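Student: What follows is a structure written as structure tokens; I'll ask about it next.
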Amino acid sequence: MIVLGSTGSIGVNTLEVAKKFSIDIEVLVAGNNIELLNKQIQEHNPKTVVIANKDDLFKVKHPNVLCGEEAILKIIEDSKSDLVVNALVGFLGLRPTLTALKCNKRVALANKESLVACGAFIDTAKIQPIDSEHFGLWYLLQNRPVEKMIITASGGAFRDWDIKKLQRATLADTQKHPNWSMGQKITIDSATMVNKMFELLEARWLFGEGKYDAIIETKSLIHALIDFKDGSTTAHFADANMQLPIAFALDSKMQENILSHVDLLKVGSLEFREITVERYPVWEIKEELLQNPSRGVVVNAANEVAIEKFIAKEIGFMDIAKNIIKAYEKFDAQPKNVDDVFAIDKEVRNFVRVE
Ligand SMILES: NC(=O)C1=CN([C@@H]2O[C@H](COP(=O)(O)OP(=O)(O)OC[C@H]3O[C@@H](n4cnc5c(N)ncnc54)[C@H](OP(=O)(O)O)[C@@H]3O)[C@@H](O)[C@H]2O)C=CC1
Ligand SMILES: CC(=O)[C@@H](O)[C@H](O)COP(=O)(O)O
Ligand SMILES: [Mn+2]
């Protein structure tokens, strides 16, 4: 298989699962972490490697190394593998998803920005999501009428902070996720609750029209719940470890033991909280966005630029949501095709950059 983003949090977990299942790795794609990439090359012996920057080419211990975004698309087109794991972060992951699907490959999709920005034009039949909440929903779904699908949020790094202090929160503060160890960008998205809004959109594209909502479960032991029309509610419990969703994304008929069971006596109690607009201002547009999911492209582009500005200390933490909402109010056109998605993405980025 091909692993895009092999040196990231999902990429590393994917390679561990691949080792356990003895899956052959044809291509590794990484960004700047060449030290880790070299270790992965030694262990998995890929035929081809792609990295982000040509200045790093000489550091990679492999005879066949390419670089840049076009090279990622080319190796997908040229490869024999039937399965592409897309664990790239951000809008950068969209073209590889589209290319893999065009080449009739299966896509194990962690790159949620692909569906958020372009879900209307992606055939989800060939996609197995790598996200704990969608895995949970998929696991719970059975042939009974559903009332509502609910996903859980941890509440992120600032769930217990005094709201008045949030504007001055630093990048380092955002990274103190209570339950999960993940890449920098998704950990910021968890703190703003953008991650959960993205996941509601993903769910909408993956499972179709219906009622979707999210609540905070502070231990991240329940990942999804389904309210069935008959009055039953079922919940998916599993430890906060992505290897379970990854294992099923690589092999949906998977029968192996991947994790220890959650020990409810050790857990003792669970706490649920509402997601409020006061702490998570982006939640204000959640319902409207779910009614018009194609507008996800606007939210995604605004979020990526706002995060860049936050990291560069040009704006405070609470301004990330303000930038998103402002862009959302300004750009209300819905993309009619994939070209529109790229055009709107560009326009929104230009707008937020100068805001
Ligand atoms: N982490 C998690 O538990 C979950 C993540 N996701 C989603 O999965 C995706 C990946 O997340 P995560 O693993 O946390 O992110 P990371 O930041 O940990 O990893 C991102 C990967 O993309 C690579 N990369 C970045 N830019 C480039 C580039 N220009 N060219 C080639 N490779 C590049 C990075 O390389 P390098 O590090 O070498 O620079 C790294 O391998 C995101 O969309 C996220 O929202 C979804 C559910 C759970
Ligand atoms: C592991 C995973 O699936 C993440 O998307 C996780 O859900 C992020 O944590 P939050 O619940 O804080 O957004
Ligand atoms: Mn998730």
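For all residues, glycine too, the Cβ spot is worked out from N, Cα and C.
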Student: Which residue of GLY183, GLY208, GLY210, GLY231 does TrEMBL report at the same NADPH site as THR7, GLY8, SER9, ILE10, GLY31, ASN33, ASN111, GLU113?
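Tutor: NADPH site check in TrEMBL: besides THR7, GLY8, SER9, ILE10, GLY31, ASN33, ASN111, GLU113, the record includes GLY183 out of GLY183, GLY208, GLY210, GLY231.
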Student: Taking GLU43, GLU199, GLU209, GLU217 as the options, which does TrEMBL list with ASP131, GLU133 at the Mn(2+) site?
Tutor: GLU199
Student: LYS112, HIS177: which of these binding-site residues has the highest Cβ count within 10 Å of its own Cβ?
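Tutor: By the 10 Å Cβ neighbour count, LYS112 comes out on top.
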Student: Quick one: among the binding-site residues ASN111, ASN195, which has the most Cβ atoms sitting within 10 Å of its own Cβ?
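Tutor: Compared across ASN111, ASN195, the most Cβ atoms within 10 Å surround ASN111.
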Student: Apart from ASP131, GLU133, GLU199, which residues in this chain have a Cβ no more than 8 Å from the mean position of the Cβ atoms of those residues at the Mn(2+) site?
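Tutor: Near the Mn(2+) site, beyond ASP131, GLU133, GLU199, sit LYS112, PRO129, SER132, HIS134, PHE135, GLY136, ILE151, ASN195, LYS196, PHE198, GLU202, ALA203, HIS223, ALA224.
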Student: By CA-CA distance, flag whichever of GLY31, ASN111, GLY183 among the binding-site residues is nearest to GLU133 (1-deoxy-D-xylulose 5-phosphate binding site).
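Tutor: Nearest candidate: ASN111.
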Student: Whole-number Å only: compute the distance from the Cα of GLY183 (NADPH binding site) to the Cα of ASN195 (1-deoxy-D-xylulose 5-phosphate binding site).
Tutor: 12
Student: Same chain only, sequence gap of 6 or more: which residues have a CB within under 8 Å of the CB of GLU199 (1-deoxy-D-xylulose 5-phosphate binding site)?
Tutor: LYS112, ASP131, GLU133, HIS134, ILE151, ALA214
Student: Among the binding-site residues SER9, ASN111, ASP131, which have a Cβ atom lying under 6 Å from any atom of ligand 2?
Tutor: ASP131
